[in-house]
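J.: Dropping a structure here in structure tokens format, bear with me for questions.
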């Protein structure tokens, strides 16, 4: 069994199939042992999973027992959803080993620089400028103390925390704060919307990262998370807060990087005013965001070499300054200089910590943009190229400041040799634009994950590459970020105030990452408790100290970012809160199967040829909207499929695992349930014809598998809800034709003597009144084919939720106005398929919550 920290050949943690465990008292051991063998025999037939009642909720109720307990493995029972899950779980897996390709390796290495390290690579432009704005230089010791702070911040934050630890907490290659939350949701039921099904655990991409049954602590952590509603809300609140800070970080990054790069004009051209710097920065940002859609696909390939030149410039300028001013700066590797730095002026040293953290900005972008590259590439590039160049750059700037203590503004540009100033200035501005693009791309990925997990209103997502799903562009967000960046630049106009806000945003994300990685260490990796506490206490302590320093500058610029982040947090909270209330109201209003049985196979109306796709959000029961269609329409389709588009907490769902089917009521009803599962990285803009084709193909395969199962055991063992056959009802249409309600096909017949065509029935209708043709596989497949030819109609509910009159004021404000506004202006999941209006019927239902 692999240890928790052992990486696989592919650069990630080893995978193991998900297993179910529970606590039992010692008195139950004998019963468990006796029943375990019989249950295991059933489980090995290829039907893993656990039974899910159609009318029961998905939550598992833990059995409370007294006395001594021990952990045992529970063998799941049979459910048709789980039969489906096992049949399709053999999705092709990626090979762990790939042959070495030098060309591909170099290409990935260059792209890693542009996409992953663009943000952290521009730290030398402004780190010392912001630090010494809070702590003026009074001697060589001040420079060495500040440099020592910067060096050890670089080592601890980007290197130790993110590159060596957090990168391994990826969700099958996906990074970011929502990937951490998704990974926790997959291993523990902490989602506030309980629409999971057990069969998802049989998906190839749903498997746990590491085997967890051996450690009781991991199981206890899981039980605690699942049983505590407060912890669930706390986890969701933290991820929403972290996301709002991350988006704010993406707004500050372009403003800070471009403004600091353009400020180099003041060194190259004397008497350059700040107004000129601001206008040029605004122009560059407008150009950057206008080309953002193309930068994610075509222009992006040229950015890697540009960043390589930039890092070489950083290292080269650092070596030049060290050779020119001497190696005194190397003394800063002695951490005692940090103590001397705080000893001379503790308050000013504490204030300068916010500026010191700017050397590590971009650490979260390293993790968020991980989806493009393997972990090993990112680690090697940082250790072998990025970190050495950054260290040399800061050492060179410190050597320059020791020799020129009065040049504490525009330190980077002042330390450039005069002969190469303008080429380096141009490369610096290009690197600043690339860093801005890096954060914008990371925000696109973060928002796509949050939309898929129901924590942000649905927006239009454009996939800019046919080969790479990760390359996306969100138009609304792109222009929103541009407007926000321009607002910050015009409002503050200098890098010092913008830098204060920058540190607050970066630290907010870092703290959330520390908390979530700690939970993953306990729940999934099963690290030793000493290692977990060491990681948690060390980094949370350091980040809280940095955060306190950054908050002290709220009045200098951080206030604007806090307001901006609060607005984003409110939007995400209202959306998640309203979505949960909407889902709960749909669950409460769903129809029972008893009502469907009373209506009979004809459902109380005429069954017309065709396929009716009833789209709703619930995964169990019959949605209430179907009752409205039954009472309002003169006819209903011959085949009804209740479709639920389900976003599962995995990056990608393989196409063979996309659909999951189950019968609703008896077979004579011709009603099915279909759960269409998508990962948060999947592209959902399928054309409706493609969606229908894939759904029907999956339905046919399900019926074929069902026939095989029925041939192996009696129907009573599979479907306890099966009703005895009833005499067939024959009615006469106004034109004199006869048709049946039990066989839901609207076919024209000759008076009483003709036989239904083979695609509809194989025997005369009136001569076999108790025909149960659904057991005939070929006949049912032909029936589906005919329904497909008749066309599909989407029956869509468009629910409206309103707060009850006796609700408190803030609930009415959030639900009746804010949530209603967001819902009316966002996209619906089913609408992404471009369904023609002629194939769609919508009904608005108002629910009071």
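The chain as shown is numbered from 1 upward.
Note: Cβ is positioned from N, Cα and C throughout, glycine not excepted.
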J.: Suppose you had to name the range TrEMBL annotates as transmembrane segment; which of 211-233, 234-256, 579-601, 602-624 would you pick?
T.: 234-256
J.: Quick one: sort out which of 50-73, 74-97, 146-169 is the transmembrane segment according to TrEMBL.
T.: 146-169
J.: With the ranges 181-201, 307-327, 643-663 to choose from, which does TrEMBL describe as transmembrane segment?
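T.: Among 181-201, 307-327, 643-663, the range TrEMBL annotates as transmembrane segment is 307-327.
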J.: Please report, as numbers and ranges, the same-chain residues at least 6 past the borders of the transmembrane segment (276-295) whose CB is under 8 Å from any CB of it.
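T.: Long-range Cβ neighbours of the transmembrane segment (276-295): 254-255, 258-259, 262-263, 265-266, 303, 429, 433, 436-437, 440, 462, 464, 473, 475, 478-479, 481-482, 485-486, 489-490, 493.
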